[in-house]
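> Take a look at what TrEMBL says about it:
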type     : residues               : note
ACT_SITE : Glu368                 : active site, proton acceptor
BINDING  : His367, His371, Glu390 : Zn(2+) binding site
DOMAIN   : 73-260                 : domain 'Aminopeptidase N-like N-terminal'
DOMAIN   : 295-512                : domain 'Peptidase M1 membrane alanine aminopeptidase'
DOMAIN   : 593-913                : domain 'ERAP1-like C-terminal'
SITE     : Tyr453                 : site 'Transition state stabilizer'
Amino acid sequence: MLLVLGRRVSLSFVKRVIPQDPVLLSNPILQDFRTIKFRVIHSSTVFASATRQNTDTMPERRPFVRLPTDVYPVNYGLCLKPDLIDFTFEGKLEAIVKVNLATNQIVMNCADIDIITASFVPEGGEGEEINATGFNYQNEDEKVTLSFPSALQKGSGTLKIDFVGELNDKMKGFYRSKYATPAGEIRYAAVTQFEATDARRAFPCWDEPAIKATFDISLIVPKDRVALSNMNVIDRKPHPEDDSLLEVKFATTPIMSTYLVAFVIGEYDFVEGQSSDGVTVRVYTPTGKAEQGKFALEVAVKTLPFYNDYFNVPYPLPKIDLIAIADFAAGAMENWGLVTYRETALLIDPKNSCSSSRQWVALVVGHELAHQWFGNLVTMEWWTHLWLNEGFASWIEYLCVDHCFPDYDIWTQFVSADYTRALDLDALDNSHPIEVNVGHPSEVDEIFDAISYSKGASVIRMLHNYIGDKDFRKGMHSYLLKFQHRNAATEDLWDCLEQASGKPIALVMSSWTKQMGFPIIVVDQEQQGDDRILKISQKKFCASGPHNGEDCPNWMVPISICTGEDPGCTKLKVLLDSPETTITINNISPDQWVKINPGTVGFYRIQYSSAMLEGLLPGIRDLTLLPVDRLGLQNDLFSLSRAGMISTVEVLKLMEAFVNEPNYTVWSDLSCNLGVLSSLLSHTDFHEEIQEFIRDLFTPIGLKLGWECKQGEGEPPGAGGHLDALLRGLVLGKLGKAGHKPTLEEARRRFKDHVEGKQILSADLRSPVYLTVLKHGDSATLDTMLKLHKQADMQEEKNRIERVLGAISAPDLIQKVLTFALSEDVRPQDTVSVIGGVAGSSKHGRKAAWKFVKDNWEELHNRYQGGFLISRLIKLSVDGFAIDKMAAEVKSFFESHQAPAAERTVQQCCENILLNAAWLKRDADDIHQYLLKRKAPPV
């Protein structure tokens, strides 16, 4: 599943809420969104200061027991008949089951379903049908116990259940999704989202990933609707009782987990292609928009053979469908053979989609198709190992996009979008290890977060680099062959990779997956003749400063080293398995710099001695350091300043060295960090001075890029064009938001022409122009923008507008935007980004958004209950505060307004607020003095 977390390309000009983060939000490029549990300690001291608490545990554990194994399913025969008018459905289940142990009851998962009748028929007709005499629902545990008058004997039999349920509006289970026909009529589709634990809302089942079975699915649907499921259709016939209905029967699935089952009933067009290995690929779009499925089709058709070749295991189904769903909480979901997506994660309009959207679609398609092998063919044994599914897919999606679109420089973007985001979250005391023991369903949603996805992807990238591609692929192949159609745990993958590489994989990796956090590598050097002696040590890095306790954890750290002689080539590799070590580099002249972690692959921060850092700075100015290393150096220093280990003024001085920087991703990361700083300094009376700093830093690159895209930009293959288009949008948005006069005037002129239809804005310029005119706009600007929103036919354009509405400054207009967020005009999954946009735009916006969330908590919680969107909403609303008492207020609010799926998020937010407050107290005066002194622009 792809969350729309704060993942992905930091959007350019939307500022990252300090500091950023399941498969949840939407367009990468927009600020931190991709992509989701801790004990609440009731004590007044927990958040009094950012002191360290040991929180490797989950929140208050609810008692939880997995399903008994005395009866388990072999095949589900399932027939469902949804009513698209009354929003209910009828179901018939005939499951072939195996009774391992004689018993007079069967325990299954079941939620929001009413069972009408249930019976058991022993195989071979040796006994007669035994009717169940009672259904005991354990609602809290989402289970039902079927009681039988006599024991079901060991052997096989058929369990028959008739049941009814509701097509809910909660975007989970079997739910209804609202759409408008081309003529404007409002209708509903019936769609599914089962991961993690919601198949039980569609039919009674053994809803655990390790209880695999085959499925024979039939759907009874209106004959003018499209009906899809995991497999191909094998029969279509009129319903005997009603000739307006069709009964559609699908082929038997391979053995699979319940969370990967899917069905969709609605109105769709499609485009079709075939991969070079003979798999039929279809992309289903809203009616009349088939054209918008072509880009995703092209990506999917290239991607399937790429994975087929990479894993050396063929895709096991005859077809794969990718479908855009109107109301969808996650970014996408990898149901086997029927992958569901948000519209913005699948549809590309050749004229009206921006470069960042194309890239986002390519990544999401790559992510979900990787799961067809890694997750679907081999499935995690339990949710503790979810990270393996998601971390792996979040890594390999980049490998796949790099294969399909080499000009995207996507691995540099990985560092900004995933790697640094994971480091930010994992430095908190309220982080959690990659592997977390989860039990109760309410605990599962909380691990769909940046640790499972982004840290998971980052440590797999580090592992791939440590092993080498050849042995990594060999190990992956043997893992998939050995466990296909079965379940596996993290250790099983380590075993296969260890056998393939001969390296101590389990030993190295357990230090990264079983303990939370990561090290800071402290480096100093001494020249002895022609040799350079490096002293290297590790300690745990914490957002509040280095860990100085007795019980400091250690990691097995793969360390690479390069020198100024050849920055792109690793000179030395060592495995640091102790707190400190000394390394000698031979034949290196005193004037050569030495860099640790070339490629920014190792998951750690680095603190160089001042002399070593001094030596590296020219490599930023003259660009001899690789882009990814320029980015990593700046990001490390920014993080050290937030932790109080160096002064923020040092980072501002470093940022001025980036004045010649050409690389989009480096600017994107700088932009994010300046956004964090700008947000922090909005609590002071010198906010305007940091805006001036931003204008000075971004003006030269803005002038160089200009407003007009060059030939070939934004269209494949135009080498560099894609990245130039992203960079232009980022820079103009940043300048416009910071009040750069020429940018503001030009944005207003272009906006007027766009609205009047004289000259339509190119898709890549819309976000920066909308943001700029709103930031410095009035009620007429907002009304115009809301009108554009209403007229937009494409969800991407609606989202683009929704995400920047919060930039408006006047308090009454901010209120209007917040009210709009909960209106019928905004899809339920997008309300969160409207509120988040308000909270991230200004000091007043932050206060207004938090008040709005508190005032409307009941409606918001009811809308997103138990899902990862509630965590995202909380994070976006409160993470930017920087006053100690706000941490206490947030904590106290959530003590009286429980949000079990977001307990850990609340703790992380409170910790972030305290860290911000401490940072402000520590550095505000020095920053102010520095900004006053540097009135002359940098040379």
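Placed from the backbone N, Cα and C atoms, the Cβ positions cover glycine too.
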> What Cα-Cα separation, expressed in whole Å, is found between Glu390 (Zn(2+) binding site) and Tyr453 (site 'Transition state stabilizer')?
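Rounded to a whole number, the Cα-Cα distance is 5 Å.
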> Can you tell which of the binding-site residues (His367, His371) has the fewest other C-beta atoms within 10 angstroms of its C-beta?
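It is His371 that, of the binding-site residues His367, His371, has the fewest other Cβ atoms within 10 Å.
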> Averaged over the whole of the domain 'Aminopeptidase N-like N-terminal' (73-260), what is the pLDDT?
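Here the predicted model's pLDDT, averaged over the domain 'Aminopeptidase N-like N-terminal' (73-260), is 95.
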> Give me the count of other Cβ atoms within 10 A of the Cβ belonging to Glu390 (Zn(2+) binding site).
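Within a 10 Å radius of the Cβ of Glu390 (Zn(2+) binding site) lie 30 other Cβ atoms.
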> Please list residues from the chain of the residue listed as 'active site, proton acceptor' whose Cβ is under 8 angstroms from its Cβ, counting only those at least six apart in sequence.
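The answer is Leu2, Leu322, Ala332, Met333, Glu334, Val339, Tyr341, Ala393.
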> Which whole-number value in Å describes the distance between the Cα atoms of His367 (Zn(2+) binding site) and Tyr453 (site 'Transition state stabilizer')?
11
> Including all protein chains shown, what's the count of other C-beta atoms within 10 A of the C-beta of Tyr453 (site 'Transition state stabilizer')?
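A count of 35.
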> Quick check for the class: what is the C-alpha distance, in angstrom and rounded, between Tyr453 (site 'Transition state stabilizer') and His371 (Zn(2+) binding site)?
13
